[in-house]
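Presented below is the structure to which this report refers.
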């Protein structure tokens, strides 16, 4: 591959990643009318590192035009050695920003009540942080001396020419990718989903396989011939970084698809699942009556109409349509769910989202606002009366 071809290809990939990242932020600000979240800023961090890598790659390739490598892969340019040494840090840092963005998204997605899932996110974040630090330490200390990275005489001992460094960093990268790939599938078991939603969610989570495939292909290329030309090797590295940025942003583009569908399609659902903005139980097409609750704070499109299940589902008898039995089931569900979490659990089970920015303030559907507030307040009142009737003073004292 010629130098110009490699640079143009890398520029197109970086431009694509930039376009997707800008579109992601535009959707959040102008379509969903919300502020940028930590996950969005982390994606930008990944793209900035990608841009830094691309700048170093371009500079190094053009230095090689006047200072080509000899048969042993040795150069006579100190500037080239400096450039490729700096590029190692851009590359190994840029790969971990999209991972951190995914962790931030999972942390937002999982409600506080799911302690085990939240602990798993904590552990995942710790492992990813340790892997990133280990990667930077390998880049810094893999050479016998840091000065070898800038030495023409000892450049074969440098980080850039170390196959051991490549193997260590790739192993850390692919292992954390696999961890992030497997983590969300445990969440699906805690979600009340229609079949179409479950298939769509699995498809979204499976997008991470694209990044892993590119990473594996790059490692195979270097394993077959570690002395592969910089024009080819750099293009593979740029492709992996850009793919990571693009893939982590693709789920955010769903709002463009959702807004093209009729707004009343949710009301025509016959599945029996609680639709966003509705505080009422829905009759299943099979005759059963189900009650559900909305957790996680805000009620908006970002929740993808997913409703988390409690450890004990609240379910009225199949075929029962009596309003009293249905409400009793709801009250029992609230009472069981209270536990030791106090008023927060009570409000969540009643279906009232937290009054934070991006929640009630930004709701444009008046019907949705009335449903959430009126039905939610009604459920809270009934729950309090139930507690007082049963003389459960300890629960009241904890609120």
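Even glycines carry a Cβ here, placed using N, Cα and C.
Please treat TrEMBL annotations as automatic predictions, because they have not gone through curation.
Residues or ranges marked as domain 'Rhodopsin' in TrEMBL: 23-258. Summarising the annotation, TrEMBL assigns region 'Disordered' to 267-286. The transmembrane segment annotation in TrEMBL covers 6-29, 41-64, 84-109, 121-146, 166-187, 199-221, 233-253.
Proximity of the transmembrane segment (233-253) to the transmembrane segment (121-146) is not established, fewer than 3 Cβ-Cβ distances being under 8 Å for residue pairs spaced 6 or more apart. Taking Cβ pairs closer than 8 Å, the transmembrane segment (84-109) reaches residues 37-40, 42-43, 45-46, 48-50, 52-53, 56-57, 60, 118, 121, 124-125, 128, 131-132, 135-136, 139, 149-150, 158-160, 165, 169, 173, 176-177, 180, 183-184, 187, 208, 211, 237, 240-241, 244-245, 247-248, 296 in its own chain, all 6 or more past its ends. When Cβ-Cβ distances below 8 Å are used as the criterion, the transmembrane segment (41-64) is approached by residues 3, 6-7, 10-11, 14, 17-18, 21, 24, 75, 77, 79-80, 83-84, 86-87, 90-91, 93-95, 97-98, 100-101, 104, 230-231, 234, 237-238, 241-242, 244-245, 248-249 of the same chain, each at least six residues removed from its ends.
In this model, the domain 'Rhodopsin' (23-258) carries an average pLDDT of 89.
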